[in-house]
């Protein structure tokens, strides 16, 4: 987005009534928090799930989503309730920007690595046979990405090479830290963290699906589909969710760079940015749907409860009849 485009975006608010936004966010946030905690509990407490390499990036994404759900959304709800950001202090805006922009883009970078790593786990599992290889190929990239995000967003938000403007009468203090206006940092933010991340997720997810289909149809090659099916479906499900809500933003940003007037598409951008909250809302449910073992456990618990209720009802009927 150009500087003029950012200004137009900064000084406006989505046209949807605040009451509508309030109930939409509240209705989705509560079950999303519950689902995030439930799935995280399963992945962390189950030893096999906890040590499975393909679950590590998913666990990180779920932790980011949960932190987002517990901070960003309640602050947005409080803004709608009061009509302004409270407390009206720079630290509130800085913290909100760190979570709203920093956490979200960190999740995007983690998803990019997830889509790349799935190729390694499925087709090049020999690369991670030893503990040294696992450290270099699996753990180190994750550590570098998280460390990079922490350092980068701490610097550009808390120690920027420019002066922030705090607008307390708009959600997320207008969601426009000053580094977005910077000729280099702004381009880096939009180009690398925004557009390139979206393109890479799409490319590596689609290419993984194509490689899997090709390998399955080559009968002379042994492909353990049952072993890899879960991690492939897991990635594709999360990638589709991410791309559906981020691709329109990327297209609009590129269009502004190519000369589209700044005032064109501002309302559409406001709507698409608001809808990106649903990436965090739906992530735990998409993850849950891609974990067949956990789904079976839920169904089993539900069946047992239903069976116990039926047994109790039948017993009570027999007692009443006997009396």
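Positions of Cβ are set from backbone N, Cα and C atoms, glycine also.
Annotations in TrEMBL come from automatic prediction, not curation.
For reference, TrEMBL has these:
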type: TRANSMEM; residues: 20-44; note: transmembrane segment
type: TRANSMEM; residues: 56-76; note: transmembrane segment
type: TRANSMEM; residues: 96-116; note: transmembrane segment
type: TRANSMEM; residues: 136-159; note: transmembrane segment
type: TRANSMEM; residues: 190-214; note: transmembrane segment
type: TRANSMEM; residues: 235-264; note: transmembrane segment
type: TRANSMEM; residues: 270-288; note: transmembrane segment
Quiz item: What parts of the chain pack near the transmembrane segment (270-288), using Cβ distances under 8 Å and only residues at least 6 beyond its ends?
Solution: 9, 12-16, 21, 25, 28-29, 32, 35-36, 38-39, 58, 61-62, 65-66, 68-69, 72-73, 104, 107, 175, 234, 237-238, 241-242, 245-246, 248-249, 252, 294-295
Quiz item: Hey, which bits of the same chain come close to the transmembrane segment (136-159), Cβ under 8 Å, at least six residues off its ends?
Solution: 53, 56-57, 60, 94, 97-98, 101-102, 105-106, 109-110, 113, 117, 120, 127-128, 177, 179, 185, 189
Quiz prompt | Distal contacts, the transmembrane segment (96-116) - CB-CB under 8 A, six or more residues away | solution = 57-58, 60-61, 64-65, 67-68, 71-72, 75, 85, 141-142, 145-146, 148-149, 153-154, 157-158, 172-173, 175, 177, 189, 193-194, 197-198, 200-201, 204-205, 208, 235, 238-239, 242, 246, 276, 279-280
Self-check item: Distant-in-sequence neighbours of the transmembrane segment (56-76), which means Cβ under 8 A and at least six residues beyond its ends
Solution: 21, 25, 29, 32-33, 36-37, 39-40, 43-44, 85, 96, 99-100, 103-104, 106-107, 110-111, 113-114, 117, 138, 142, 146, 171-172, 234, 238, 277, 280-281, 283-284, 287
